Amino acid sequence: MYGQRWEEALKVFQVKLGYRFRDAELLKEALTHSSYAHESGLFSWNERLEYLGDAVLELAVSTKVFNDRPDLKEGDLTRIRSRLVCGDALLPWAKWIGIDDLLRVNSGVRKEGRRGRLSSVYSDAVEAVFGAVYVDGGFDSALSVIDGYLNFHLKGCLPGTTSNTVAIDPKSEIQKVLQERGMALPEYRKVSRIGPSHNPTFVVELWVSGKLLSKSKGKSIKEAEFKAAEIGLKALQPVAEP
């Protein structure tokens, strides 16, 4: 199952990844799950590379968001980074680039994958691939590959849908979506301020064409609007399904 055809598939994978490994064994290790390694008598699998890739991904995303959004404060930067490094963001990219087909697992784990139960395994493999690129080519190479991962989300790589994109600025993203659909621009309304004066919480509603689309709260009006836009984007997603 993981013979010559798998080796050939790895070459295609590297083209899509945008990086050619000098040491192909690193890529093979990144795409080897512990279940397959134990069953096949291998002494290495992707957990160590996953550990490294997790740190590389966080640094790369932090750098990207910090440079691209000088207007945001630390809390907003942290929130955006969390959205871009979580499993829910990694999984669609894993499937798009083909990790779900290339990851070496034993037959039992493969059956679980057919039932849709390997989300975390695929997401971990993405981090392992990032770690492998870092070991093979250094941080600049890893940054280039991760930039492709970010573009997948920020530009919406899946045809006909925005359901797998992660908006670095949901307020700008929802405005773009509404404009593309010929709808009215969003209107944010502050409806209340609750809590003590030294630690208030603001409640904001997001209206489109005279209809309430979403509602959220935050420690600042900006944060509340940010969250309302995030919720609004999710509410609009079913409309974009093919």
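Heads up, the Cβ atoms here are built off N, Cα and C, so glycines get one too.
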Do you know which of Glu47, Glu50, Glu58 TrEMBL groups with Asp124, Glu127 in the Mg(2+) site?
Glu50
Rounded inter-Cα distance in Å - Asp54 (active site), Asp124 (Mg(2+) binding site):
8
For the binding-site residues Glu50, Glu127, work out the Cβ neighbour count at 10 Å and name the residue with the minimum.
Glu50
Starting from the Cβ of Asp54 (active site), draw a 10 Å sphere and report how many other Cβ atoms land inside it.
17
Report the same-chain neighbours of Asp124 (Mg(2+) binding site): residues 6+ apart in sequence with Cβ closer than 8 Å to its Cβ, ordered by sequence.
Asn46, Glu47, Glu50
